[in-house]
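K.L.:
The following feature annotations were taken from TrEMBL:
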type: ACT_SITE; residues: Asp124; note: active site, nucleophile
type: BINDING; residues: Asp124, Asp411; note: Mg(2+) binding site
type: ACT_SITE; residues: Asp126; note: active site, proton donor
type: BINDING; residues: Asp126; note: GMP binding site
Amino acid sequence: MPTLFLPLSYLLRNQEGFKRLFTHFKYLHTRSGIWTVNTSSTPWISKSALVSRRREVPVGQLTARNMCTSSSGDKTSWLWSVYNETKQQTQDLIPVISKNFVNPDTIFANNQMSLQDIEIYGFDYDYTLAFYSSHLHTLIFNIARDILIQEHRYPEGLREYDYIPNFVIRGLHYDVQKALLMKIDAFHYIQLGTVYRGLNPVPEKEVIAMYEGSHVPLEIMSDFYGKSSHGHTMKQFMDIFSLPEMTLLSCVSDYFMKHNIDYEPVHLYKDVKEAIGDVHVRGIMYRAVEADIEKYICYAEQTHAVLRKLSKNGKKMFLITNSPFDFVDRGMNYIVGKDWRDLFDVVIVQADKPGFFNDRRKPFRRVTDKGVLLWDRIHHLEKGQIYKQGNLYEFLRLTGWRGSKVLYFGDHIYSDLADLTLKHGWRTGAIIPELRKEIKIMNTEEYVHTMTWLQALTGLLEHMQVHRDSASQMVIQQWINEREEMRLRTKDIFNAQFGSLFRTYHNPTYFTRRLSRFADIYMASLSCLLNYDLQHTFYPRRTPLQHESPIWPEQTSTGAMNIPFQSHSTTTGPE
C-alpha cells in the first residue's frame, strides 16, 4: 500500500520525541529571544507543552557576559562542551527523523489545488506520457558528436568521447561567451565549486575574478524561456533532452583545451546546438526509437493505467506535443495500443511550443494517418483526428476549455507550463523524473545524519559567534571548517559535480524558483496520480518564513511521512 507523509507535528505527539526536539531547537532557533515551554494552558502534550517565545537577552550574549572573567581555557572547554552536548542531542533525534521518510510517489503542491475541480487533462508527450531510458541520451550524444565531425569539420579525436551519464544535471546555466557551465541559485548567485570549463572545475578565485564576485546580474541572465538572446549571455538548460547537449559542450571544450586549440566559445555553442537540433529535426532520433521502442520507452503500463483511470471517470483529455505524428503514434501504440486515440478528445502534433501559446497567426492543419497535410479550414477540433501546429488562442475558441478546470502536465517548466499559468489560468503539473532519485537519497541514513548535524552545527555557529575573543574564534573556525566539509559532502551525495537539482548548499536553485512559480503541483511521473482519487485536494505545506516561529504544527502536503494512505477510499485522510 502506498504511503504518504505527515508533518513535524506528528513527531510531537510523542512526549519523549517532543522533549528531544524542543531541546534541540532551543539551540538552533534563538535569534531574538529564547524558547520557553508554557505549561499553563492548552492540553496538547503532557501538561500542554506549548512552545512560545519570551523576550529576553539572547543566550549567546548572556553567556558571553557570564564568561567574560573566565580564562581562555575555561571558555574553550565550555564551547566544546556545548558542541558535544548539541551533537549528542542531534544524534538522539536521528532515529525519530529516519522513520519519517519521504515517499517518492508523492505529488507535491506549490499551490492548493483540488482534482475535484479538474474536468480536462492535457499532456505533453516526451517525458510526460512517454518516459525514456538512459539509452536515448547516449544515442543523441553520439549522433550529434558525429554530425559535428562530419558536417562541421570538428576534429576526429572527438570520437574518443562517450556520453557521461552522471556528469550534468538539468537546470544548469551556460555562459555562452565564456564556455562555462554552472549552477545558479534563486538569488542569481553562482554556487562556487559547480563552475566547469570542459570536464574540469574552475577554481573559486578565478570565478570570482571573472564575475567580480559570485552574483550574476539580471541583464546577462537567460531570458524568460531560459534562452541566450537579446544580449543575454546565459543559457539555462531546462529540457531533459538537454543533458546530452550539455555533456557534448563539455566534452568538445575539454578536447580543445587538452590539445591547446584556440576556439570561439560562441561558435562552439551554436554548432553544438545545431547538431543536437538536427538529431530531432532530421528525424534521426525518431527513426532510431521507432526501430527499437522497447529499448527506449519505459513505464508504459503505468502511463496506460493513468489514462484509463481518467477516461473511466469521464474526464476529457488532450495531447499537445512538439513531436511529429508518426513518432507519437508509434510510441502510443506501444504504451496504450492501437486504439490510443479513442482516449483523447484532441491530439495536436508539431505544435512548436512555446510559440504555440503566444503566436496567434498559425492556424491548425489536419493531418491524415499517412501524414498528408490537408488544406481545409478547421471549424471544429474533432475526436480521432490529428492536427498540426495551430495556436492556443484558436484552441481555446474551438474547445471552450478555459481557466482552472484544465490541468496540463509537462516536463519543461518554460515551454510547457509558464505561459499557461501566467496568461491563461490553467492549472499546471510538472513532471520531474529526477525527483524519485533525489528523494531516495534523502531517505538514506547517511543523508539524514549529515543534514541533521549540519543544521544543528549551523545553529550553533549562529548562536556562538558573539564570542569574539581569539580562543573562542579558533574553536568557531574549526566548526566553520567542519560545516564546509559537510556542505560539500551533501552536494556530492546527489551529483559530484553539481549537487542537487533543487538546492544549492542551502538556497533553492534557480530551477526550483521557476518550478515553484509555474507549477501548481509536481511529481516524479504521471503514475503518481494512481495513488490519489479524483476528489483529492493537494495542500502546500506551510513552511515558516524567516521571521515566523520554526516550531508549530505544519499542514500536510499529502506527501512525505511513512503513514498508510488508502488511495481509492471515499475519505482523503490516513487510515
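Any Cβ shown, glycine's included, is placed from N, Cα and C.
These figures come from a predicted structure and were not determined experimentally.
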K.L.:
Using all protein chains in view, find how many other C-beta atoms are within 10 Å of the C-beta of the residue listed as 'active site, proton donor'.
P.N.:
22
K.L.:
For the C-alpha pair, I'd like the distance in angstrom between Asp411 (Mg(2+) binding site) and the residue listed as 'active site, proton donor', rounded off.
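P.N.:
About 8 Å separate the Cα atoms of these two residues.
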K.L.:
Within the chain of Asp124 (active site, nucleophile), which residues six or more apart in sequence place their C-beta under 8 angstroms from its C-beta?
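P.N.:
Listed in sequence order, they are Leu319, Ile320, Thr321, Lys353, Tyr408, Phe409, Gly410, Asp411, His412, Asp416, Ile431.
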K.L.:
Relative to the Cβ position of Asp411 (Mg(2+) binding site), how many further Cβ atoms are located within 10 Å?
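P.N.:
23, counting other Cβ atoms within 10 Å of Asp411 (Mg(2+) binding site).
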